[in-house]
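Novice: Annotations for this protein, taken from Swiss-Prot, read as follows:
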- 384-765: domain 'GRAS' (DOMAIN)
- 1-23: region 'Disordered' (REGION)
- 128-157: region 'Disordered' (REGION)
- 279-320: region 'Disordered' (REGION)
- 364-388: region 'Disordered' (REGION)
- 391-451: region 'Leucine repeat I (LRI)' (REGION)
- 470-536: region 'VHIID' (REGION)
- 552-584: region 'Leucine repeat II (LRII)' (REGION)
- 593-687: region 'PFYRE' (REGION)
- 690-765: region 'SAW' (REGION)
- 501-505: motif 'VHIID' (MOTIF)
Amino acid sequence: MGSYPDGFPGSMDELDFNKDFDLPPSSNQTLGLANGFYLDDLDFSSLDPPEAYPSQNNNNNNINNKAVAGDLLSSSSDDADFSDSVLKYISQVLMEEDMEEKPCMFHDALALQAAEKSLYEALGEKYPSSSSASSVDHPERLASDSPDGSCSGGAFSDYASTTTTTSSDSHWSVDGLENRPSWLHTPMPSNFVFQSTSRSNSVTGGGGGGNSAVYGSGFGDDLVSNMFKDDELAMQFKKGVEEASKFLPKSSQLFIDVDSYIPMNSGSKENGSEVFVKTEKKDETEHHHHHSYAPPPNRLTGKKSHWRDEDEDFVEERSNKQSAVYVEESELSEMFDKILVCGPGKPVCILNQNFPTESAKVVTAQSNGAKIRGKKSTSTSHSNDSKKETADLRTLLVLCAQAVSVDDRRTANEMLRQIREHSSPLGNGSERLAHYFANSLEARLAGTGTQIYTALSSKKTSAADMLKAYQTYMSVCPFKKAAIIFANHSMMRFTANANTIHIIDFGISYGFQWPALIHRLSLSRPGGSPKLRITGIELPQRGFRPAEGVQETGHRLARYCQRHNVPFEYNAIAQKWETIQVEDLKLRQGEYVVVNSLFRFRNLLDETVLVNSPRDAVLKLIRKINPNVFIPAILSGNYNAPFFVTRFREALFHYSAVFDMCDSKLAREDEMRLMYEKEFYGREIVNVVACEGTERVERPETYKQWQARLIRAGFRQLPLEKELMQNLKLKIENGYDKNFDVDQNGNWLLQGWKGRIVYASSLWVPSSS
């Protein structure tokens, strides 16, 4: 605990942007609001290495005698770096006190565009097209004068002596608390749920044909039927239908419950009329103990709920209020001990201890042997039926897509009815796949794909829940781990003699990639670590603090660098990537410049939408930067065709491999798996299938298409290191399922599942180099 004398650092709550710093007398650093406050001049000789990182206490002679190249290719070192650094870093982020209330940083591309349109409509102005957006004058940044003290010139942490210089573009939305696009200003019922059109009854009135609205309760005229008029209500009471009162809205405004995006399984007719209240995910007993009224957690199981009591009106009124987060002091202290006091082994995952990992597979099998054996035997006995069902579901999905493409609603609805009978968000991989694709086809058929996708993006899922789901995915899937090891090892090899390393990260998000690199830099040189500069680039968040998320990432990395005695400087940029100028990056002479991106270029629009595409604009920007090395990791997919049926088939093949991978590694009832599939894969599928034009932001290309694009942009490819490729293959073969593939094609590192390529990484330099 000695490394945190002032307690465990929070995030924005502990930042005082107007506070003067008491600097240690031994340091020669200078403080300037314009140029920033850096760690390179600090004297760290008086700092004791933290106990949480025993590698810092190794004998200096051992470190001095290590060859850098030999240490870099150590198989156990790479695994330890990732497990002890990245997963611990994720757990540390989860432990921040206000993480439950923060918005997620993983996805917001289309929500930003929709919020901009809404702002222009509110101002009575016309929203500019994407091609002319850069030439339009925008309102001044509010971050510099924010009443909470945030500023675009510099963001200071009074715990770690560092500064993050922030550049926040004016292309962000000022939506206050609940900004919605114009088409979301029309209220939707709280029981908004995907429903098969041929099986559903009217959600609100209990009568009417299911073909009247695709979702049971939709937009426009269908919404009017959800709100009883006085004469209709009187007629219902005369008939003695007391159940009608249950469907009346209890407040003056209906709200969107996007969690109802998951349709019910067999009891959809009964559940369709229920109104669920958004609450924190806690045990049912804890809800009653703290007087937090909520229905039983049966939304994912599809079981009929009998939760109705006298306080229902009060609960439904409370559902429109912001939920309060309550954590007992003893529980918080215990979690602090687990994250801060850890031994030389791998740290314990404190927030999701039961998630399955490769190393814990044997222990899990021993403790739950009977249950797991039963599942496997059941799966084996029905293997032939599963294969037949998979083929049938894929055929039905393709036929349904063809019917939707020609607006054959009768055939499409019949196909959807058959798909619904054999699909479920809790089933096997093919059933889950069919469930999300059926949802997307329904959305496209109703013309509400953009609304649903943006509602899912605007949904108030806490960053903590999203990080837990992401952590579960990282623990069982080697794709991103291998890409991070490939990029970090290449950086270490290229920067062996550099005094200053400047990493420009497009899509830094929470910065999961960099703790392992920082740890390696601290041990790489006997004379001390080189200075590390990171420019974190992200899209602006909604609200009055568009750069808050990317700034907090810088503060976490600064604290990590301070513990490892690595001089550090951070520059935060929150704006549309195609509008960034070279001057915003603050390049300096003599530094080794590395441009990095981890699977985020797929969200940039291409030339099929705009002549001057953002995808080419970003590549031109990188070429102007003239980096020493450019390391892109891309999602290799072919579902970017403008023709719907072709795109649908390719997306179906791609996500079939992804869902099959999750099904083989994670339990079907795993809550984190459910959340990850819904929040990541489910949203992506909705965007690919149900959105068009600029609203379709999921636009992956194959690695061969990216190779041609990068060559046109003025780059040439570097060969891969044979020893690194061999080590990565050994790691995957020995530590993960045999169906994970790692291969090399030309100068590309390819990763896939059962022969289908999913991700690719490579090294590039400017052609003139």
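Glycine too: its Cβ is placed from the backbone N, Cα and C atoms.
What you see is a predicted model, and the numbers here were worked out from it, not measured in a lab.
For each feature listed, report its degree of burial, its nearest neighbours and the pertinent distances within the displayed model.
Specialist: Mean pLDDT for the region 'Leucine repeat II (LRII)' (552-584) in this predicted model: 95.
Residue counts of the motif 'VHIID' (501-505) by helix, strand and coil are 0 helix, 5 strand, 0 coil (DSSP-based).
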Novice: Need a quick answer: max count of Cβ pairs under 8 Å to the region 'PFYRE' (593-687), which of 391-451, 470-536, 552-584 is it?
Specialist: 470-536
Novice: When secondary structure is assigned with DSSP, how many helix, strand and coil residues does the region 'Leucine repeat I (LRI)' (391-451) contain?
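Specialist: Across the region 'Leucine repeat I (LRI)' (391-451), DSSP assigns the residues as follows: 49 helix, 0 strand, 12 coil.
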Novice: Could you tell me how many residues in the region 'PFYRE' (593-687) are helical, how many are strand and how many are coil under DSSP?
Specialist: 54 helix, 14 strand, 27 coil
